[in-house]
Amino acid sequence: MNLRRIFSLQNPLQPQFKPFFKSTTLFVKSIHALAIITTENPQNPTVLTLTHDAEWSPTSISYSKLLSRCCESKPPGPHPPRQDWAGERPENTATISSTCTRNAGHARQVLDESPEPDLVAWSALISGYAQNGLAEDAILAFSEMHRLGIRCNEFTFPSVLKACAMKKDIVGGRQVHGIVVVTGFESDVFVANTLVVVYAKCGEFLDSTRLFDRIPDRNIVSWNALFSCYTQGGFFTEAVGLFREMVGGGMRPDEFSLSTIINACTGLGDVKEGRKIHGYLTKHGFGSDPFSCNALVDMYSKVGDFEDCKRVFERMPNHDIVSWNAVIAGCVLHERNDAALELLVTMRRSGIAPNMFTFSSVLKACSGLGLRDLGRQFHSVMIKSDIELDPFLCCGLIDIYSKCGEIDDATQVYDKMPEKQLIALNALLCGHSQNGNDLEALSVFAENYRDGIGFNETTLLAILNSAAGLRDITVTEEVHGLSLKTGYLSDPFVVNSLIDSYAKCGRLENATMVFDDSPIPDLATFTSLISGYAQLGQGEEAIKIYVKMQDLDLKPDPFICSSLLNASAMLSAYEQGKQIHVHALKFGLLSDVFTANSLVNMYARSGSIDDADRAFNEVPEKGIVSFSAMIGGLAQHGHGEKALALFDNMLKDGIAPNNVTLVSILSACNHAGLVTRAKTFFESMEGVFGIKPTQEHYACMIDILGRAGKLDEAMGLVDEMPFEANAAVWGAVLGAAKTHKNVEIGERAARELMAIEPEKSGTHVLLANIYASAGLWQNVAEVRRVMKGSKVKKEPGMSWVEVKDKVYTFIVGDRSHFMSKEIYEKLDELMTLVGKLGYVPVLEIDLHNVVSSEKEVLLSYHSEKLAVAFGLIAIRAGPIRVKKNLRVCVDCHSFLKFVCQVAEREIVVRDINRFHHFKDGCCSCGDYW
């Protein structure tokens, strides 16, 4: 949208200045004088010129009237020439009242120059101070008047009480209240109404209500005073209740009552009650009252009822800036940002110039739409129009620049603020955090904290978010301590952010401690802890916390379900994942696309590609995440052709692939041995899809070439890479060297890996395997000696099997299980049966330099064999699903192909690389893994 369309030259932003008076003729008896107020320049002070008639001389009465007119219009003119009129002081009162509108010091000077300032003069001064927001001066003037012994009246008390209300000075208000009681003015309805306001504005609503109840002759002003205070204080329900009480008592509401209660209904979001008040307005003839209409427009727009909002707006006789601001703000609130900007165009065409509130809304609209350039133009207009950039406008500018990635411009707006405000600092901190500038966010906070700007819960949330992004445990602990000292630890948002930050820093024990200390854990608190455990791979703990949440009758949300499904996927916990699926169905969460995608991922990674396919077909809106999850699942399960076919369908649907999708496609080609198609995809990535190959893509391609025996081509690709090869690349090379027993390439890859990851035992084990397969037992012994000397321990093979919501763990030769006797008996039985079918142990994979019979015993008790034997005992029907932390060995792979035959059961094993589906004597990998 072009700014010229909004601010056209046909409707200038600045309204034409018009003098308050062109000429004023005063008639005093039969004598007249001409008083002319002219304006030489709109920027210069107004010049007062008095042209005296020859027969006329000014009197105190004529000056008093003229000054009263000046007071009404608030021109910045000088005082009238001083003359001494003995015994006449009305002009002093008028002068004080008039001068207070522009210069409080001059008003006080006029009072001090009066020979005997009386109650009327003092009252005028106090009233002038109060009307112009000078509450402190009004209270001090009242105190001085009281010390002089001048008795107050029913006109003085409301002014000083108004000043107390403005300052929220309950102590001063109570003192004035005492004087009111002593002087007997408590029964005066105007004084009583102001007392009600003072107590309400200071938060003393109980005392305010008591005073209201004591007013003998309550009028509509009394009720309005209480309505207004309750509404401004956020006690909307109480305000509506009082309105009902007033109407029920027979008091007829006026337009002020009705507009105030409409505002209360807006605060409650209660459009039903608001429509009733709308009916009162129409019934009592206030349908065209501008204040009431504006309140209606504000209410309907904020609750999102734009049809009624439009109806009221169009029936208004005149639209002022308040009307336009209300409807524009409502559109922004409900994210109808395009409509808000269109309304701004219409408003400008009607000749109404925007003010700071308008700009505050349209900046939010620009931020929501990401219209950086338009936001920058609005910024320029505000500067040229001399619109004061208050903290809220600065926040709007910081927000739009931050969301559009222009964090330097956001910082510049903040730095140019004459007085740094906390609300603007929070906006800048959130901007840094959103743009990944976590270190800058912490630096800005530290600098401003030293300057004494303070902080609140929003500040702490931004800092904790940055600490979590940096995985900075020190900052997290410092914020924890700061929150504890300042009482912010009772804020649920701070608690949730602390849990999240501790979890992302890997300190789950601290996160759990914060969780346990929180007074009443809510859904967000449980979500933070569950997601923390899930992200760190502790799915079992995440499930346990979810069970606690259910005990509190808390309904899960899509984020919790998504986290739990991902936790189940990490564990390959099929049964637990199915239960979460049931809960998602029960609570109607499958319409959420994130939950639906997590369900596809869970089934795919838990060994049930058929369930994953069904879940994929039920995803409401399939996007790149949905397709990537399903393509990756098909690839891991060895369905390479199906994965490629789904990829083609995705492209036909107009969905462009991302990095993850192309990694899955290369993996599908890898597991299916589709070398030529893999090379085609890899070489066309940048040209066809605009994606530059990353380390992960190179690692996949090198693994594909290596598995296919094209080791020279694979090494050529390593040397051609535009960046240094990482552990994944050298790991692929080492795996290929092991498969094809290439000692030279294996040694080179092992050296590189040991330099990158010296603590990893897998490198030494694979190198030892290469040596063992070549019969180089002396080299095997050397590798073992190096491992022992460097304290590198071989990661033990572990397998898991899930039975009735519980996951059982096994290691090689494990006898800790309560059913160990039955498990080993079952395993011996299986060994006998598969031996009859032709199973022969693959002894050469064992690195122990011992006789064959001992190797055979060692191979017999691998963790996956024990897990399968237990599964056959404990699971009466259906597939046996086992997860392993390492690659399944050749011997176990051969053994399980025979077991699935003799047991007539499907066995699904998920190792570190892929899924193996053993059925009818075959494996889904085609012995290619």
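Positions of Cβ are set from backbone N, Cα and C atoms, glycine also.
All TrEMBL annotations are machine predictions without curation.
The average pLDDT computed over the repeat 'PPR' (118-152) stands at 83. The repeat 'PPR' annotation in TrEMBL covers 118-152 (among others).
The annotation repeat 'PPR' is assigned in TrEMBL to 219-253 (among others). Taking DSSP states H, G and I as helix and E and B as strand, the repeat 'PPR' (219-253) has 26 helix, 0 strand, 9 coil.
Tertiary neighbourhood of the repeat 'PPR' (289-319): same-chain residues 255-256, 258-260, 262-263, 265-266, 269, 271, 274-275, 278, 281, 326-327, 329-331, 333-334, 336, 347, 350, 352, selected by CB-CB distance under 8 Å and a gap of 6+ residues from either end. For 289-319 (among others), the entry in TrEMBL reads repeat 'PPR'.
Here TrEMBL flags 320-354 (among others) as repeat 'PPR'.
Here TrEMBL flags 390-424 (among others) as repeat 'PPR'. For the repeat 'PPR' (390-424), same-chain residues at least 6 beyond its ends with a Cβ under 8 Å from one of its own Cβ atoms are 356, 359-360, 363-364, 366-367, 370-372, 375-376, 379, 382, 430-432, 434-435, 437, 440, 448, 451, 453-456, 459.
Per TrEMBL, repeat 'PPR' is recorded for 522-556 (among others). Look at the repeat 'PPR' (522-556): DSSP puts its residues at 26 helix, 0 strand, 9 coil.
Helix, strand and coil counts under DSSP for the repeat 'PPR' (592-622) come to 22 helix, 0 strand, 9 coil. According to TrEMBL, the feature repeat 'PPR' maps to 592-622 (among others).
Packing against the repeat 'PPR' (623-657) from elsewhere in the chain are residues 593, 596-597, 600-601, 603-605, 609, 612-613, 616, 663-665, 667-674, 677, 689, 691, 914-915, 917, 924-926: each is 6 or more residues past its ends and has a CB under 8 Å from a CB in it. Under the heading repeat 'PPR', TrEMBL lists 623-657 (among others).
According to TrEMBL, the feature domain 'DYW' maps to 838-929.
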Residues of the same chain, at least six outside the repeat 'PPR' (219-253), with any C-beta under 8 angstroms of its C-beta? 189-190, 192-194, 196-197, 200-201, 203, 205, 208-209, 212, 260-261, 263-265, 267-268, 270, 273, 277, 280, 284
Going along the chain, which residues at least six beyond the ends of the repeat 'PPR' (592-622) come within the CB cut-off of under 8 Å? 558-559, 561-562, 565-566, 568-570, 572-574, 577, 580-581, 584, 629-630, 632-634, 636-637, 639, 653, 655, 879, 881, 908, 910, 915, 917
Provide the three-state DSSP residue tally for the repeat 'PPR' (390-424): helix first, then strand, then coil. 25 helix, 0 strand, 10 coil
